[in-house]
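Copied over from Swiss-Prot:
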- 114-321: domain 'ATP-grasp' (DOMAIN)
- 140-202: ATP binding site (BINDING)
- 291, 293: Mn(2+) binding site (BINDING)
- 435-1154: region 'AIRS' (REGION)
- 1155-1364: region 'GART' (REGION)
- 1166, 1167, 1168, 1327, 1328, 1329, 1330: N(1)-(5-phospho-beta-D-ribosyl)glycinamide binding site (BINDING)
- 1221, 1246, 1247, 1248, 1249, 1263, 1297, 1298, 1299, 1300, 1301: (6R)-10-formyltetrahydrofolate binding site (BINDING)
- 1265: active site, proton donor (ACT_SITE)
- 1301: site 'Raises pKa of active site His' (SITE)
């Protein structure tokens, strides 16, 4: 270790060079001139103060180097090389890593470099050079190729290149660079090049002037903003190695670029040693050189050198001694480096100095590096910004994707005080996009969900459903809901009863032993038996089946079991939901929930506690076995005891050859046929309890305050299966009484004189008689048992006898969430608190409409992010939106919640969301069936199912299929995002993109978890008033749910009709554009899976469109989105979406650019400011902007409070503090420019702006005015409209020009003037229109959809209006 090295420079590149050189065992001391604080911290490094040695005095540098025995001088920046430092050092015999002045021309003189490439056959873009602006511009306009790249020929710190979007921009660049000498003499000669298309990469090479060795390829990111937007910079980040260049292409670069360049230098007798940097464009015709540089690139160096394994000092020494060919270059394999540059505010135009930097890591590590570019320290040793590019955060990882994520995260932890830091969040994303583009496109089926299998199941079970039809049923499976006509029954005062049930872990036993039909029967029996408790006749049933992988024959057998139960009870199977959720359920795993609706006469509702008398009989009806209680623990303990359930059973039907599984899996007994006639007679049965939780628990429910009972098993046989179970698992008698039915499936309360149990209820036994509870009984149990233990002991003796093992409770009560549940006036509670619904008298021919759904694997996102409060809203939305499509007014809602580990707080959080959703849907929340089932679910996993009931007048049932005809209009109500379908595909996309739910969404400022959990929109309140009118004009509604646009709209069309949608007429939420790009999802698959921005589609007669839009346009952002057409070819799809690809591409292009920076100027309440804030923060609206500043000319106004609440910077600039309008506006402009504002919205800003201000912001300044311009400009416009007798008013968003409200119109929104209106009522109505129009206009402006204002004709705004 004997060598000393001098490094010239002070930036991040030099920091990285010093860091790498310090690792050499051959280097003892490194001097940096002038160096930096970061370099000073590197081992072996020492800064040389510029006061001691002037970096510009090359002779002094040479003299100092000789005196201090410097073995090697490494020149970092290009300027010293271009000015001849290398020549001075070489003359004095000091080795210099870097070429002399002649060699540096390859970078310093772009004209010379282009001529050099031409002379030596190096592939590059076509070009011409100029010293005259007019000639340059004439060439640009007439060139036979796209001459749009304009370069200053000299050195301009990496900023002297403009890649113009069009000829005008290129000519403007000529004027600035050559005409105005923006970069001084560097731009005195201009190079105009052909615009090449492709990816830009950097290949740096070491050369000794004879041989050349390429380094690993890297990619720099020159533009300031994400998506390569904004001005050129010195480089905002880089990554290495870059996979965009193939090995054959890299070999071509070695031969045709690097070696030809070195040979050319030799031919022209130019000595060159150091780095030869080739900036390349990977075109269709192969790599083309954009530029050469004569030094290490910045920031490429910072990501290349960490991957170099060979001693850097040895490499540099070999370059200077002409021995590079003898030294093998070694690179780290399987490692990627990504660097993210943090720049100060205002860069590249200005730089901020002296801002405190916090969050810097204490030290560098093998996987995390910080190199300083423009950083200084104060006296307290605190880090401060000291330039444009301040530092670079680097991460190394085996995965490029992980390295990028870690580098971006590291950058995000570092903050600059004051105006903050600028950094890109998309460094290396191009590499991923290429990988995505070349990867096969994802589909819903690829993610584990097969829509075709779901359709096949529907077709398979339709005959099963038809077999359960009974009077009252309308329609069939496959619509949005199940329909039942009450008039077909003979009830005078009908009351609707509802029951929701599950089968617990018994389904696991059924699946493992192929008892599919049994468990389906169980589900129906559990639900229907529950209705008997209310005295109700089961009339309609819905099922919910969830699984990891849908196996159609198995699911069909489950449904067959349900259908068998329905037939036995004369109840109709009217619909169901089958959810395939591979990320919630493992393959082969299932769960089920059932929902049964019954009808009971108002006077027959049970229980009738008011009729109870002492000595009333408690009668038990025998169960068929265990029914469905407690199977989670039973199966767990049996498995632990290694009991083989496939062996012949020693009890029950074992003597007939049944296995233990078959005995335990015996279906629940259905009591409907046995009890319903007596319940409807209404003269004997006072109460009914279905034993589902455990005999003691359910008998207790039959006892009102003041009654007790003793259950006597002396004459009541206990089935031997309970004895086997108790002996096998060493259970106590008490735990069986608490958790199982013990042979009693249903308990009735009958009068003492009743003989019903003897004459009409086979197997019925009197269990006990009701008694008045003694007043002094204290805390004694009100349900006592005798003769049970003795009987059970005998039954258990052959199997090991009784023990003390306890069984846990499986069915749970959800604790109160604090959310007040909605209760409609039709809803009431019976004597034990169960909710029922009266059918309102105003219905002439009421139709019950039932719907069920789940939330799908959106639940997984809630569970992973611990954000479970909103999925209940999704659940309600998915159900009520469906029944809304049948014209129903939702009345009640019930839910099913099953989980792995019971967490009361989690259950309460989810249930609170369900109740909030029910409230939004104006529905009574009836009940939630909740169960903890560790055998079915992982500890942190839960599933949800929902069941909605609505009522419609028969004359109002939708869809009106016969009335729909070509020419009918489609009106779309926007979705709030993904809603609750297609999330299995979302999970697949996230996995492919390497993104987590806590990562920031690529399409908004929120996290992906927050965006994806935006609740499904509930459309009930939006449409209820409209649907309640007799002639509302709506022929059909289609809820765009599972199956997307392609499969939901056809559900309301006859086969000979189709629809034509126009994607230009409604916004595509950015989330879908991102999903399509990240998952390479085809447009067809996207439309078949997602709502694509339309949550609900209305089919409306052409003459009724205006009336419907009048109700829905402003509050719901409804718009005309298409029309019904004749379907001429039955093989063609029924849904055609025109312009979808263009809309998708437009949105994706928008996402690749930075959000537009907007300022809002106010003077008062700021209601329009709030509308803009809300729209921008709702990513589904696609307003790709951010409000960065709010300015008020008045202090203390509400608008400032709104800004503060939203976290938006605001200020008061009072016009009273300035001598003139012009001076005031100059101050406004100063603050607007400091905030880098691009567009200004005037939202009630009560100032007339000066002409200079308007001209400076022309085309970027918009206002909202409360009239339909050009009518009524200026003030007091509502008064003018009323006095003029107008029948219509509204608002106008327009560009601001020098006149008063005379600028080009962007958007107009009309409202009617109604009889009796005054200024206040009209103003309020216009406000609603303003809150729709202003965000819409800003969306158009931010997206670039509007033409430049100079091209807009004021008198003909229609073109712009039509572009909405």
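Cβ from N, Cα, C; glycine included.
Overlay of Swiss-Prot feature records on the structure.
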{"residue": "180", "record": "ATP binding site", "Cβ neighbours (10 Å)": "11"}
{"residue": "188", "record": "ATP binding site", "Cβ neighbours (10 Å)": "14"}
{"residue": "293", "record": "Mn(2+) binding site", "Cβ neighbours (10 Å)": "23"}
{"residue": "1167", "record": "N(1)-(5-phospho-beta-D-ribosyl)glycinamide binding site", "Cβ neighbours (10 Å)": "17"}
{"residue": "1221", "record": "(6R)-10-formyltetrahydrofolate binding site", "Cβ neighbours (10 Å)": "16"}
{"residue": "1247", "record": "(6R)-10-formyltetrahydrofolate binding site", "Cβ neighbours (10 Å)": "15"}
{"residue": "1249", "record": "(6R)-10-formyltetrahydrofolate binding site", "Cβ neighbours (10 Å)": "21"}
{"residue": "1265", "record": "active site, proton donor", "Cβ neighbours (10 Å)": "22"}
{"residue": "1299", "record": "(6R)-10-formyltetrahydrofolate binding site", "Cβ neighbours (10 Å)": "10"}
{"residue": "1328", "record": "N(1)-(5-phospho-beta-D-ribosyl)glycinamide binding site", "Cβ neighbours (10 Å)": "16"}
Shortest C-alpha distance to residue 1330 (N(1)-(5-phospho-beta-D-ribosyl)glycinamide binding site) - which of the recorded positions 164, 180, 1221, 1265, 1301: 1265
C-alpha spacing of residue 1167 (N(1)-(5-phospho-beta-D-ribosyl)glycinamide binding site) relative to residue 1297 ((6R)-10-formyltetrahydrofolate binding site), in angstrom: 24
Integer mean pLDDT for the region 'GART' (1155-1364): 89
Set of same-chain residues at least 6 away whose C-beta sits under 8 angstroms from residue 172 (ATP binding site): 164
Alpha-carbon distance [residue 1265 (active site, proton donor); residue 1301 ((6R)-10-formyltetrahydrofolate binding site)] in Å: 8
Euclidean distance between Cα atoms of residue 293 (Mn(2+) binding site) and residue 156 (ATP binding site), Å: 13
Fewest other C-beta atoms within 10 angstroms, as judged across 1301, 1330, which are the binding-site residues: 1301
Residues that sit under 8 angstroms from residue 148 (ATP binding site) by C-beta distance, when 6+ apart in the chain: 140, 163, 164, 165, 166, 167, 169, 170, 195
Neighbour-count leader, CB within 10 A, binding-site residues: 291, 1297: 291
Distance, residue 180 (ATP binding site) to residue 293 (Mn(2+) binding site) (CA atoms, angstrom): 25
Residue 164 (ATP binding site) CB neighbourhood, other CB atoms within 10 A: 20
Cα-to-Cα gap, residue 180 (ATP binding site) vs residue 291 (Mn(2+) binding site), nearest whole Å: 24
For (6R)-10-formyltetrahydrofolate: widest Cα to Cα gap among 1221, 1246, 1247, 1248, 1249, 1263, 1297, 1298, 1299, 1300, 1301 in Å: 18
Protein Cβ atoms within 10 Å of residue 1168 (N(1)-(5-phospho-beta-D-ribosyl)glycinamide binding site), excluding its own: 25
Distance from the residue listed as 'active site, proton donor' back to residue 1299 ((6R)-10-formyltetrahydrofolate binding site), taken between C-alpha atoms, in Å: 13
Whole-number Å value for how far residue 1166 (N(1)-(5-phospho-beta-D-ribosyl)glycinamide binding site) lies from residue 188 (ATP binding site) (Cα to Cα): 51
Secondary-structure category, per DSSP, in which residue 1330 (N(1)-(5-phospho-beta-D-ribosyl)glycinamide binding site) falls: helix
Candidate with the highest Cβ count within 10 Å, taken from the binding-site residues 156, 1329: 1329
Of 196, 1166, 1249, 1328, i.e. the binding-site residues, those within 10 Å of residue 291 (Mn(2+) binding site) when Cα atoms are compared: none
Euclidean distance between Cα atoms of the residue listed as 'active site, proton donor' and residue 1221 ((6R)-10-formyltetrahydrofolate binding site), Å: 21
Inter-residue Cα distance where the pair is residue 1265 (active site, proton donor) and residue 1249 ((6R)-10-formyltetrahydrofolate binding site), in Å: 15
Nearest of the recorded positions (196, 1247, 1265) to residue 1328 (N(1)-(5-phospho-beta-D-ribosyl)glycinamide binding site), judged by Cα-Cα distance: 1265
